[in-house]
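Features of the protein shown, as given by TrEMBL:
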- 539-551: compositional bias 'Basic and acidic residues' (COMPBIAS)
- 491-700: domain 'STAS' (DOMAIN)
- 539-566: region 'Disordered' (REGION)
- 591-626: region 'Disordered' (REGION)
- 21-38: transmembrane segment (TRANSMEM)
- 66-93: transmembrane segment (TRANSMEM)
- 147-169: transmembrane segment (TRANSMEM)
- 231-248: transmembrane segment (TRANSMEM)
- 255-275: transmembrane segment (TRANSMEM)
- 304-326: transmembrane segment (TRANSMEM)
- 438-470: transmembrane segment (TRANSMEM)
C-alpha cells in the first residue's frame, strides 16, 4: 500500500513537472523563435534557396548600407555595421521569414535630422574667427556617431518595453494612408538631402519648420556653382542604374537572379575614379577612409537620452509600422503567422544591441525584402547568409571602396526611392474610393514636407485621430423599412417603412460623444417632436384638472343644475366613445388609441373645436400616427453612463406620450452592462428586448392584431413579381 501511494505521488509530481516543462518550453520558444524552427529546418528543401537569396540580399546590403549612411550624416562604414549586427539579432528573435532588416531611407533621414541638429558644422569650426575657418570633420563625425548610437539604443528600449507589455496593437493607429503619406513625404526629404552630392554644392543647413523649402531655395541659388564633373558622374551612374533596373523588372521572370547593378556601378565607379585620379584632377568628393575590421562594443552616452527622447519614440513607431506591415504582407502571401508583439521585441533588441556596436536604427526594406522573397528565400537563414557577405566585406574588402564618389551613392539612393514616389498614385485611387483617407494622406504628406519628420508625424497622427472622432460624431442615421419577401430591414430611401412603426438605426456606436445628436436625429427622422407633445399633454392635463374643479364647484351650486349637467355629460361621453371607435376603424392601427391628444369629454362646444385643432397638431408632432419606436443597437459595442441616461430618457418621454419603445440587436455584453447600470425596471422591462428587428416588428403587429401584415405584403410583392 505504501509503495502504491508513493508511486501515485511520483506520477503526480512527474505530471506537474511535464506541465511546467511544457509551459517553460512554450515561453522559451515565444521569446526565442529560432529554437522552434531551426532544429526542424529542412536542409534539402530550403538550403539552396536561402543561400541564393542571402547572397543576393547581401550584395544589395553593401551599396545601400553605404548610401543610406550618408542620409544619417554618418560615414559609410557605419552603414555596413548596421547591415551586419541587427540582422544577426533578428535571425534569433524575429518571426517573419522574408523581410530583410537593415538600413532604410526613411529611418536614415530621421536619424540624420537629429545628428545634424545636435551636431551642426558650426560647433566644430577650428582655426578661424567670426564663422570663418575649417570644420573638424573627425571630431564632428565622432560626436554624430555617439548621437546616433544613443538614439538607436533608446529607440530599441522603447520597442522592447512596448513589446513586453503587449502593446503591438499601437501600430493600428497608424493607418495605411498615414504610413504611405508619411513615407512619401520622407522620400522628398531624402531626395532633397542628396541633391548636394549630385551637383557638387554645399548649401546651408536649416532646421525646424520649412527647412526643406529653405534648402531647396538655397540649392537653386547655388546652381550656377555646380561642379560639372560630379554632375556628369551622377548622370551617367543614374542612367545606368535606371536602365538596368528596368530591365530587371521587365525580365524578372526569366532571370534566375536580378542583375546586381548597384554593386557593379560601385565597383566600376571606384576603379575609374582611382585609376584616372579624378579626386585630384576634378576635386570629386569621395567616401574617404573605410577602416577594416569590427570595433569593440561601447556603451552609448546616456546623457543624450533627454535630448533625443521624442525623436527616439517617433523612430520606434515608424520603424515598427514599416516592419510589421511588410511582415504581415509576406505572411499572408505564404500562409504563416507573424507575432506583432514579438516583432516589437525583435526589432527593439536589434536596435539596442546594434547601438552598442555603433549601428543606427533599422527596419525592414521593401526592395531587399522583395529580392529575398523572389529569389527563393524561405526562412531567416537568408538573412544570416547576407550578414556573412557583409562581414566579409567589412573585414577584407571595405577599404577598397575609399575612392568611391559620394555622387554615385546618392544616385543609388535616388533610384531606390522609385517605389516611394509611386505612392503618389494613391491620390487618384483614394479620390475615387475614400475621401477621408485621401485627406489623411494629403495632410500627412503636407505636414511632413513643411514641418519635418518628427513634428509632421505628430500632426498626422493627431489629424488621423480627429477623423475618427468626427466619424463617430457624424454617423449616418436612417429609418428602416422592410424588404418585401425577406426579414431584412434597410433604409427607407429604397424600401417602404411599416405604417405605425419607426425603426431607427445609427451607423456607429452610441456613446457620450453623440448621445445628444442621437436623440435629436431620432425626433427629426421619425417626425416625432417630443418636446411639443409633452408640452401639449401637460397643458391638456392642466386644462383637464381645471375643468374637473369647475365641474365640482357647479355640482355644489344646486341639485337641479347638477342633474341636468350629469345627463348632458353622459351624452357627450357616448358621442366621444363612438368617435374614438370610428377613428380606430378608419385609421391604419387597430391597437390602442393615444387618448392624450383627443378632446376632453367635459369641454363645451367652443372648447371642443379647439381641442380637435390641437389634436391635429399633435398628430403632426407625433409623426403621422406613429405608435411604436424600434431602436436598432446592433452597431453599439459598449455602453457608458451617458448612453444609459439617454435611453432611459427616451423610454420615459416616449412612454409618457403613449409611444412604445423597443431595443433590438443588443449584444450579450451590452445587456450585461445595462443590467449593471440599473437600466431595467418595471417601466423598462426586459420584454422590450428583441434579438432582431423582425422579431420586434412581429411582436408589435401581433399586439395590434395585425400579425398577418408582413405575410400579406410578401404575398402582394410575389403577386406583382409574377405579373
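Glycine residues also receive a Cβ, built from the backbone N, Cα and C atoms like all the rest.
Automatic prediction, not curation, is the source of TrEMBL annotations.
Long-range Cβ contacts of the transmembrane segment (21-38) within its own chain (Cβ-Cβ under 8 Å, at least 6 residues beyond either end) map to 91-95, 339, 342, 345, 379-380. Mean per-residue pLDDT, taken over the domain 'STAS' (491-700), amounts to 71. When Cβ-Cβ distances below 8 Å are used as the criterion, the transmembrane segment (438-470) is approached by residues 109-110, 113, 173-175, 177-178, 180-182, 184-186, 188-189, 207-213, 310-311, 314, 317-318, 426-427, 430-431, 513 of the same chain, each at least six residues removed from its ends.
Residues 72, 74, 78, 111, 114-115, 118-119, 298, 300-302, 304-305, 308-309, 311-313, 315-316, 319-320, 324, 339-345, 347-356, 358-361 of the same chain, all 6+ positions outside the transmembrane segment (147-169), place their C-beta atoms under 8 angstroms from a C-beta of that stretch.
Under DSSP, residues within the compositional bias 'Basic and acidic residues' (539-551) fall into helix, strand and coil as 13 helix, 0 strand, 0 coil.
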